[in-house]
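Below is one structure, written out as structure tokens; the observations come after it.
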Amino acid sequence: MPISKESLDSKPSSCCGKLKSAWSLITVEPAVLLLTISYGLYMIVSSELYITKVCKVNLALGDEICDNIQDHNEEQVLVQRYVSKLNIYNRVLQAVPSFIFAVVAGPWSDVYGRRTFLILSISGFVFNNAVFMLNIYFFYELKAEWLLLECLQDCTGGTILFYLTVYAYIADITDPSTRTKRMAFLSGLWPIGSNIGKALGGLIKNQLGFMYNFAIGMLVALVAMLYIVLFVKETVKPNTLEEYKTSNDPKQVNRPKERSQSLGARISFLFSLENVKNGFSALTRPRKHNMRAYIILLLFVFQFMMFNFVADYTNRYLFLRRSLGLNLEDYTRYSIATGVIGIISQCFLVPFLSEKMKIRDATISFYDMFASAINCLIMAFATEEWMLYVGAVINCLDSSSYSVVRSMVTKIAEPHETGSLLAVFGSFQSIMPMIATPVFGMLYRSTVANFPQLYLLIVAGFFLLNSVCLLFVRHGLKKLNKKMAQDDGVIGEEILEMVPTPLKARPKSWYPERPHSQAEKDSVILTKIMSQSMDTLT
């Protein structure tokens, strides 16, 4: 049913009405939730499987030692060094196909649509769980190295491709003034789903065994694929793209080429040099107000965040087992607690700070980086488990910068190049594990016996460096906003949208003219409902 202008401005009369309206406008969110549940079901359990398989199969230390590895210090160091080496190989194997897909997927999806890569990336999680199931069924016949075949998940794009496409999809259907909040809500589904999966995963593993974790994870991934096929509509219509003005020359017009819709043409364009060039030209082409420099700065900040994230989480489980003697249940409990904090942060705190308090996106990211450094220091020198929870509370905005920085980039980008820019970010993001994991894996292996927390001190330093970069970005964008406001005759408004302001407050020349699709109108209603819900909670 078409949505009238009056319906966009109307407010649901009751809480039930708000929820019913919000539910009717949901798009990719259920698929994101299902996929994160699938991931949570095997995320921690797969680490335990690596440790168990190395101990019992590769090193043949026996059930008595392996089932009580924390009580045997020398054997634990030996196992952790072996597992750390496998983690290095695993990250490299996963990074290469993710990089290839990220480079070509964004520009291709700008032309042919997002759904294809949503479905393809989810299929990798099915293969991934199948690899784990085979390794359990042939537990003693297959050594731990066979677990490295989990890289098949990334041979279809993996999480890099999935989230690249999801964020491009959301950018297609959301207004720039509400995009940070909408992407924060979407990012909030990650801790919700992964913690549901982790909570169930620990219980399933203890009660039923490894096999059921991966079987149920495979089933949930299949349901997510089916949802995309049946219920998610395409946002990019081939050969119907409007003319868009480029930001470096308001008079110049880019006319997207009409392309053949045959399967052969689609595959040919996917791996063509032109497709690859489209992605990187979106990053490097001149832009009005020298916006290219800020996009490159945001690229650097985003990749440094990813580098720190990989460096931290590559060894976190091993480190906490070594330093505090945490077992699978302890670590699952801690992960769920940090996940709950992340849910509150992404779904409520970030939208509140961004939309209600009008705090700049770069400021939110700065606090995230600074608090992450403090959390690393607390974790490095913690002597009791409760100290980890104190650090998690201080670092309440953990990982929120991923959605915030993506939102900033999509606000700067032209509508027809969103996928291309996110693809460039995703391609570099896929390389970070290939760099960080070997470096910090070898560092941890060499220091695990005497000073295992050294890697956390280095990560804390990198987080502090990133926070300094964000201060520079914030200062530069603040000055740029003032200049742009004077040039465009809008005083006191954040034209660059580092603080969300109503779209109508900006000159029409700032955004390219394009028709509003039904999906965009639906998105406006959804964000209004979210805003009204926030009013009752804040």
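Quick reminder: no glycine exception, Cβ is built from N, Cα and C everywhere.
The feature domain 'Major facilitator superfamily (MFS) profile' is assigned by TrEMBL to 33-478. The transmembrane segment annotation in TrEMBL covers 21-44, 88-105, 117-140, 146-171, 210-232, 293-311, 331-352, 421-442, 454-473.
Using the rule of three or more Cβ pairs under 8 Å, pairs at least 6 apart in sequence, the transmembrane segment (421-442) is in contact with the transmembrane segment (88-105).
Listed stretches 117-140, 146-171, 293-311, 454-473 were compared with the transmembrane segment (88-105); the greatest number of C-beta pairs under 8 angstroms is found for 146-171. Within its own chain, the transmembrane segment (117-140) is flanked in space by residues 28, 31, 35, 38-39, 42, 46, 49, 53, 56-57, 101, 105, 108-109, 146-147, 149-150, 152-159, 161-162, 164-166, 169, 209-211, 213-215, 217-218, 221-222, 224-225, 228-229, 232, which lie at least six positions past its ends and keep a Cβ under 8 Å from the stretch. The stretch from 146-171, 210-232, 331-352, 454-473 that makes the most Cβ contacts under 8 Å with the transmembrane segment (293-311) is 454-473. Mean predicted confidence for the domain 'Major facilitator superfamily (MFS) profile' (33-478): the pLDDT average there is 82.
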